[in-house]
């Protein structure tokens, strides 16, 4: 049910010819209200796609009536003309749906960077999408935003008389800073824009922001949260944040499950840190280390490479007080070899790395993948 | 002739059984003088190998009579016992050679992290190496320090009546900060320790520090510069720095030529930067971007990924003023598509990327490689 699980939302997904495969490629989401509050977080990349620049402006008003999303082209690095394409898309959606201005229409795009969108296709796709809008359209919408994803990502979290739904896409360029590729979360809870913003930023901080598949930050990352208020229930801030975090966590794990060319899912937990920022910095330095990622692809519990990665950070630690466990085996204690590395069983898909900095009590977890032949293959052939 | 090209040096390389292949694995370099001035730069990794900790102390005295190097084990993350192994090695070398204390013996190790060295093998290897020392031993020494290198790296730079020689090893974990894997440079010039230090730090800043093959910083990186004074010539600081830079540049390019699993050598030149630090940050962000590296492996001039990498930096620029050329074709101007990407010929081994930030007049060049199946293969099977 995806984004249409909560009351007050309609969605659709259509094939507009943006993908050469002929698959669904334009998604539309309508918030029927009564409320139209919204919050958004966007990529920290300083090279931002036109739809990101547009939607950032829209979200300043904390009111979104519709979201139009397309795959088959990122509309990034397309200059002023590309921005006008986005503006025109929002105007077209607002005119076709009625009852809203273009300033209440968020736009998201994903696909190849640096090429203009085929606007005739896109706008006629919007027309079809408007006609096909329905209360059960969330699954089609989730299909339409896929690029190299092998499967759609959706989630539903039930509150007490209210619901959170969501969809996301993303399989590469997955090192979001404030957000991941594209993600739309809906709720029929009644909540103001500030409450939504608080819930979304808290949720992203410990979910999408902790996902680092390949260290590459997209130009198009967007996470939107829309509330219709159709349930008539107003949850507390804590309840709202908890439900949104659960939805984001579920979608982030689905992104990890479908990351390009991975054979392993790696959970990196840093404990004993002086502060949370130290813990995140250390975990991310391991997640981004190609030699660590190749070793795990090869089922090699090469903890020396983990220590070499930790050593590149500015976190508080002494190198002779570092402990490392791989899948529960403490292969390194006090910065030197401890339990026999041959005890580590890396044959499964899930790998757990725990690094104890022995410098405090804070912790953080980052999720990543291994670096495989398939990743290289997929990413050396993407635009050709 | 490697490190024995300058007068006043003897060297040797022997097989001590540290490499399972039975190849040469222990190298020894002796400075016969009359001078014994020296300088060194070491890895910025905070997890430092025992030989790095030892040699840093030795170099504080700016006097080095001998350098002993081994492959087949990095002696990193080996705790206090590993440090004692290094100390004992220096003592053994000093005792066998005579005329020096252990505090004048630098030690370098390379190989797998986290395992103790087989000391009986190493010390008997030192005995053989002492016996085999000769004026023409530089080439054997260069062979003995190889790990995954496919060929030795040596250089000779001729001054006016004086000479600089050098050897280096390194093919992976190549993102030196202040140095690269292992490198020893010799000269028969007459130069004080401060002059050597000035020449070496200046040379490393624009050579080894600009090499970023895989973003992974080693625990053992060491570059040593030893002067014998045997030529009787005292070059100016400028002449010395120039010759040492030339030697370092030559060796850095040889490291790049032999980087693990590469199919392309990529030169990233950032121009129009507000300052040199900005230029280096931008060039390095591109050099470390796996999606850019995969694209170039696949002969894909995917400039959008280059802009996405630039956007992650804190350098001064406006995203709509960025220009990018690949192999001389300006595929991006003003942050958007310009010349047709199909004009870019990526069939050769050498790729040039120029990024113009349009924010000033400073420039920097960083060298890197593509990310290939062979890199993944080699680094998923290294310790097994």
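One is the number of the first residue shown, and numbering goes on along the chain from there.
Using the three backbone atoms N, Cα and C, a Cβ is placed for every residue, glycine included.
Features of the protein shown, as given by TrEMBL:
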- B:180: active site, nucleophile (ACT_SITE)
- B:147, B:169, B:180, B:260, B:379, B:384: substrate binding site (BINDING)
**Fill in**
Those binding-site residues out of B:147, B:169, B:260, B:379 that pass a Cβ cut-off of under 8 Å to chain A are B:379
**Complete:** One residue among the binding-site residues B:147, B:379 has the fewest other C-beta atoms within 10 A of its C-beta, namely B:147
**Item:** DSSP-derived structure type at residue B:169 (substrate binding site), helix or strand or else coil
**Value:** strand
**Cβ packing number for residue B:260 (substrate binding site), 10 Å threshold** = 25
**Request:** Measuring CB to CB from residue B:169 (substrate binding site), give everything in the same chain under 8 Å that is also at least six residues away in sequence.
**Result:** B:71, B:110, B:142, B:145, B:146, B:147, B:149, B:152, B:153, B:181, B:182, B:183
